[in-house]
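Participant: Taken from TrEMBL, the feature CoA binding site covers 202, 203, 204, 205, 322, 540. Per TrEMBL, the feature ATP binding site maps to 398, 399, 400, 428, 429, 430, 431, 432, 433, 517, 532, 543. The annotation Mg(2+) binding site is assigned in TrEMBL to 554, 556, 559. Among the features that TrEMBL reports, domain 'Acetyl-coenzyme A synthetase N-terminal' is placed at 39-92. Annotation source TrEMBL lists domain 'AMP-dependent synthetase/ligase' at 95-495. Residues or ranges marked as domain 'AMP-binding enzyme C-terminal' in TrEMBL: 548-626. Annotation source TrEMBL lists N6-acetyllysine at 626.
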Ligand code: PRX
C-alpha cells in the first residue's frame, strides 16, 4: 500500500487514494472447469446486442421466438427480444420437470425455529400451479398487481412465480416495512390482492405481519379486494370476512393443473419500490424476457453455477432485488438447488449460518458486506467450529466491501479457516434494483480478483467512469459510474412516472445512465466503487470518498466496522468524522483514536485523517444493511438526528448518543 501523500489533480471528480496490490488469480483447476472462459469477453464485444440474443435463446424456452433483439428507438425506454413470447414460471419450473429434472431439489427451506421443508422441482411446480389457480379464483388476472408482504418462506417464491405464471405483476414489500409504507406501495400500484402471513420468527420469537396489513387497509379508498394469509407461526389474527382468505383454504384445495400462457417478452414481471434519498419511493419496473436472460446468464457465469452439483445460498430477503433476481428467478430458471433460510444469523447462536453451510453442504454463498463485517466482529472462532469445506465460490453485493473484510471472507469462510489450500474465489458484484442483474463483477475462473474491487463489466455490459463533463477518466482517477449501452435487465421505467425515470437516471449525462455511484479506475483499469456521490466529502478542495477512508479504518486489526461522514468545518470546508465499531478483542482506550488517525494517514494520506473518531457500539443501517450516513452527519454536526424511521434497529441512534455521553 502506498505511503505517499495523494497527488491532487485539478478537476478530478473523486480522489484515488487507496492502492491495493494483492491479487488472486483462479487456480488452474478452477479455471479449466469454469462456466465462463476468457473468450466470453471477446465474443460479447464482437457480437454486441446479439450476444444477449444468443443467451436468451440458449438459457430460456420461448413459446414464440423474437424478431428483433433490441429496440431503443424510444430511448431511454428499451425493448428487448421484441415479438418474443414466454412464460417466466414455465421457464423456472415446468420445463425442468418435462426434461426429467422433476426430482431435483429446488429449495431446501430452513425455518428459524429449525423446522425444514424440501421442494423438488416437481413439487414446487405443483404448488405454483395451485397458487395460480387460487389467485385466479380470487379475481386476479393478467396485468393486475399483487402486493406481497411475506417473510422468507417458500410461499414468497411460490407467490411470485404464480403471479408471473398468470401475468399478474408482483410488488414485494419487505416484511420489515411499516403499515404506512405498505399502504403507499399498495396505492401507487393499485394492488388488487395482498399476500401475507400471520407472521414469522425473528431472534427466537414469533413476529406478526397481518396486523400491519390490517392497519394499512383501515383507511378506505384502496384497491385491495382480498388478503390471502399464509399460516406460518399460528399467532392470533383479526379477520375481515369476505376480504381475508387463508392460504390453506384457497391454495391447498386448488387444482394442481394449470397451463401457463405465453406472455410478451416486454410484459411487466414486477414492480419493486426503492427509496431514493428524497421524494416518494420509486416503483422500479422490470419486464420478462430481458430480465430473465441477464439474471440467468449472470447467475451461471458470475457464480460458476453447476446446477447438477452445487448447493447455492443467497442470504438476501425476497423483499430486495437480490431476493428477486438471485433467489426467485435466476436459480430456478437455471435449475439450481438452493437453500432458503428464514431467520437471523445469530439465532439461536452466532454460528447458525455456518451450521447451515455444513448441514446443506452449501457450495456457493452470496451475501452482503455488512453481514461479513458482523461475523468478523463476532470473531473467526465461531465459523471455525464448522466444516465449510463445501464452499467453492463466494459472492458479495450491496455495498463496497472493505479489502480487510474481503480478506477475512476469503480466509475464514472461503478457506475453511485456513484449512483449505486454495480458498474459494470471491466475486464482488455491483448492480442495483434498477439494473436488475449483475453489471460489474469478476468472472471467477478468469479474473485475478482484487480485495475490495468489483473490477470489470460483465461480458456484454458497457460501463465507464467519467468526469463532470461525461468524458472517460484515465486509469488511476475517480469519477462517476455510468452505463453506456442498454442492457437486457434494465429497468423499463418508474411505475406511473416516465418523466421521473428520465430525470433521475438520464439527465446528468447525455445518452448515459448515471447510477448515482462514485467509482475509480485503478492503474490496471479495474473499477472500484466509492459509494454514493451524495456521500462524497470535500476536504480542502479534495473530493474524498467515504468508502476509501472506511476501508483504511477497517484494515486496522482493532476495527470491525467504520462509517465516515463529512462535517461542516470553517477552515477545510468539510472535516472527516469517523464512527467505528471495535472488534470483540479490541479495547476502547484513549490511544485508539490516535492510533487509528495515524493508521489512516499511513494507509491513504494525511488529507484523509479523520478530524474526530468516535467509538460506537452500533452503526445506523437500513433494513437492507446500508449505512445511513445522513444520520451520522447530523450527530457529527451536533444536530438531533433526522428521520430515522427506515432504520433496521431504531434504538441505534440512542445507543450512539449514550456511548458518546460516556
Ligand atoms: O451504491 C451501490 C450499492 O448499492 C446500490 C444499489 O442498491 P439497491 O438498489 O438496494 O441494490 C442492492 C443490491 C443489488 C448501488 O447503487 N452497491 C450494490 N452492490 C455494490 C454496491 N456498492 C459497491 N459494491 C457493490 N458490489
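Backbone N, Cα and C atoms are what each Cβ position is placed from, and that goes for glycine too.
All TrEMBL annotations are machine predictions without curation.
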Participant: Express the distance between the Cα positions of residue 556 (Mg(2+) binding site) and residue 540 (CoA binding site) as a whole number of Å.
Facilitator: 26
Participant: With DSSP, how much of the domain 'AMP-binding enzyme C-terminal' (548-626) is helix, how much strand and how much coil, in residues?
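Facilitator: Each residue of the domain 'AMP-binding enzyme C-terminal' (548-626) counted once, the result is 24 helix, 27 strand, 28 coil.
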Participant: By a simple count, how many Cβ atoms lie within 10 Å of the Cβ of residue 205 (CoA binding site), its own Cβ left out?
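Facilitator: Around residue 205 (CoA binding site), other Cβ atoms within 10 Å: 11.
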Participant: Using the alpha carbons only, what distance in Å do you get between residue 204 (CoA binding site) and residue 431 (ATP binding site) once rounded?
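Facilitator: Spelling it out, the Cα of residue 204 (CoA binding site) and the Cα of residue 431 (ATP binding site) are 33 Å apart.
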Participant: Let me know the largest Cα to Cα distance in Å among the ATP-binding residues 398, 399, 400, 428, 429, 430, 431, 432, 433, 517, 532, 543, as an integer.
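Facilitator: Output for ATP binders 398, 399, 400, 428, 429, 430, 431, 432, 433, 517, 532, 543: max Cα distance 27 Å.
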Participant: For the C-alpha pair, I'd like the distance in angstrom between residue 559 (Mg(2+) binding site) and residue 532 (ATP binding site), rounded off.
Facilitator: 23
Participant: If you count the other Cβ atoms within 10 Å of each Cβ, which of the recorded positions 203, 626 comes out on top?
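Facilitator: The residue with the densest Cβ neighbourhood is 626.
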Participant: Check residue 431 (ATP binding site) against DSSP and tell me helix, strand or coil, would you?
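Facilitator: The three-state answer is coil.
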Participant: Of the recorded positions 400, 429, 626, which one has its Cα closest to the Cα of residue 205 (CoA binding site)?
Facilitator: 626
Participant: According to DSSP, how is the domain 'Acetyl-coenzyme A synthetase N-terminal' (39-92) divided among helix, strand and coil residues?
Facilitator: 25 helix, 11 strand, 18 coil
Participant: What's the number of neighbouring CB atoms sitting within 10 A of the CB on residue 322 (CoA binding site)?
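Facilitator: Other Cβ atoms found within 10 Å: 23.
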Participant: With the Cβ atom as the reference point and anything under 6 Å counting, tell me which of the binding-site residues (202, 398, 433) are near ligand 1.
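Facilitator: What lies within reach of ligand 1, judged by Cβ under 6 Å, is 398, 433.
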Participant: Tell me, by DSSP, whether residue 204 (CoA binding site) is helix, strand or coil?
Facilitator: coil
